[in-house]
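First comes the structure, then the notes that go with it.
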Amino acid sequence: SWYTDKEEVVLWMNTVGPYHNRQETYKYFSLPFCAGIKKTISHYHETLGEALQGVELEFSGLDIKFKEEVMQTTYCEIELDKAKRDAFVYAIKNHYWYQMYIDDLPIWGIVGEADENGEDHYLWTYKKLEIGFNGNRIVDVNLTSEGKVKLVPNTRIAMSYSVKWKKSDVKFEDRFDKYLDPSFFQHRIHWFSIFNSFMMVIFLVGLVSMILMRTLRKDYARYSKEEEMDDMDRDLGDEYGWKQVHGDVFRPSSHPLIFSSLIGSGCQIFSVSLIVIVVAMLEDLYTERGSMLSTAIFVYAATSPVNGYFGGSLYAKQGGRRWIKQMFVGAFLIPAMVCGTAFFINFIAIYYHASRAIPFGTMVAVCCICFFVILPLNLVGTILGRNLSGQPNFPCRVNAVPRPIPEKKWFMEPAVIVCLGGILPFGSIFIEMYFIFTSFWAYKIYYVYGFMMLVLVILCIVTVCVTIVCTYFLLNAEDYRWQWTSFLSAASTAVYVYMYSFYYYFFKTKMYGLFQTSFYFGYMAVFSTALGIMCGAVGYMGTSAFVRKIYTNVKID
Ligand SMILES: *[C@@H]1O[C@H](CO)[C@@H](O)[C@H](O)[C@H]1NC(C)=O
């Protein structure tokens, strides 16, 4: 924003927390810091996204005016009794950092330091602020911590600050650039992995289309030749292959209700990812606190008809009758999973007094969004889906009696196919997962959404190719249970991602303790599940188009 000379500039204190876990944060004043004397503004009102991310802005009480220098000034004193000393020592031992904001620019500072043998602990007491301005806007802030004071019980510690203003050439639009880390995100490895995955896509698509073209052409040739033979010959002909299951392949999947709810939710997650990434590419969402999460929630609510449409139409096609129940399950599958995990972690957060404890008002707001936005929009989508594409217009009729599934080799069992199916899609995304995890769990701002978009596209193509091949093998083994198999073989990507998150936890992070562990694994589970449902739905949609295509061209008497 624009300032006039001598206008008040607010220094907001946000959170304090261990350096090694960016997501575990506490209110700044949960440590016995003291505030300045100025009391005009006490608390900032957060947006929904900020509240969910644990932003806790409180006024520091420091007197800062635009372009007005402040020499070193003591703003308050801490009366250090035993309890306060212990709190500081605990924070220093755990490498606590605090975060502040000036004009939306984040500033990080370290609480204190221990000496080498870990006996004496020191607190940084002097905040030296250097603020860069360009015209009448703030474009740069540097904080230097000085004034190391040993923590001795029953002493008084004076906290001080100073402010220096400097003219800067940084453009206002570019003021966040110094927080980005191009040498990390645009590292050769990142480019290389994208290139690699891209090559894999070309190879896979080529391979799949080649195998299928050849095999299908051969199959068609065989079947059309059979047609010219008389019935006697045909009975003696090859009695195997995917054509044999034409009477069962469009049989409704087992558990159609949960299946169509999963597919609907997966389509919704896919559209949310697509839209949010596009928005993030167009607008620099990282410059505003919590705006990414707010955008995601808004887009999720707005794309609810997608969920209803695909879930409802698939359920109708499969002959399901309890469509209202399906709609409820579909609408609340993801919200219930996310809220359930958040609720569980919330309990632990409350126990630890972390600022990640979600305020009651925010919970009410989220529930209202679920019931008054997501549910009605889902209803609209479901009704549209049932009426526009709810007819089971399959190319082959379904036989009354299910065909027995023949014995087959172990590697043709659906369980094995499901396990193998996720390997290639996981291989195409795991480098990107490293960058995403690092920006979520460490102090890096993710900003290369173009890469993320590419990876999403690559992931979808690889997933569809792999599930088509899996399904083709399965149908050739005369096993018609392709619906769940195609969904699960794509979704198993997420199992590999979750296993990767274990590796990441033990080798790439320094987290410890119940709160950090449950927070990490809880939200990783949510992330992986959502990813799995998305991949599953994408794989199923691609495969079902493929299955429809091959059985359309087959003439069946
Ligand atoms: C902040 O620090 C950086 C790097 O040391 C420097 O280039 C920049 O000029 C500083 N900004 C201000 C306002 O002092």
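Glycine is treated like the rest: Cβ placed from N, Cα and C.
Listed in TrEMBL for this protein:
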TRANSMEM  191-213  transmembrane segment
TRANSMEM  257-281  transmembrane segment
TRANSMEM  293-316  transmembrane segment
TRANSMEM  328-352  transmembrane segment
TRANSMEM  358-380  transmembrane segment
TRANSMEM  415-437  transmembrane segment
TRANSMEM  449-475  transmembrane segment
TRANSMEM  487-507  transmembrane segment
TRANSMEM  519-541  transmembrane segment
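Counted over residue pairs separated by six or more positions, the transmembrane segment (293-316) shares at least 3 Cβ pairs under 8 angstroms with the transmembrane segment (358-380), which defines the two as touching. The stretches the transmembrane segment (257-281) and the transmembrane segment (328-352) are in mutual contact, each linked to the other by at least three Cβ pairs under 8 Å (pairs 6 or more apart in sequence).
The stretches the transmembrane segment (328-352) and the transmembrane segment (519-541) are in mutual contact, each linked to the other by at least three Cβ pairs under 8 Å (pairs 6 or more apart in sequence). Under 8 Å from some Cβ of the transmembrane segment (191-213) lie the Cβ atoms of residues 424, 427-429, 431-432, 451, 454-455, 458, 461-462, 465-466, 468-469, 472, all in the same chain and six or more residues away from its ends. Within the chain carrying the transmembrane segment (449-475), a Cβ under 8 angstroms from the stretch's Cβ atoms is held by residues 185, 190, 194, 197-198, 200-201, 204-205, 207-208, 211-212, 215, 242, 245, 249, 270, 273-274, 277-278, 280-281, 412, 414, 417, 420-421, 424-425, 428-429, 432, 435-436, 481-482, 485-486, 489-490, 493, 535, 538-543, 546-547, all 6 or more beyond its ends.
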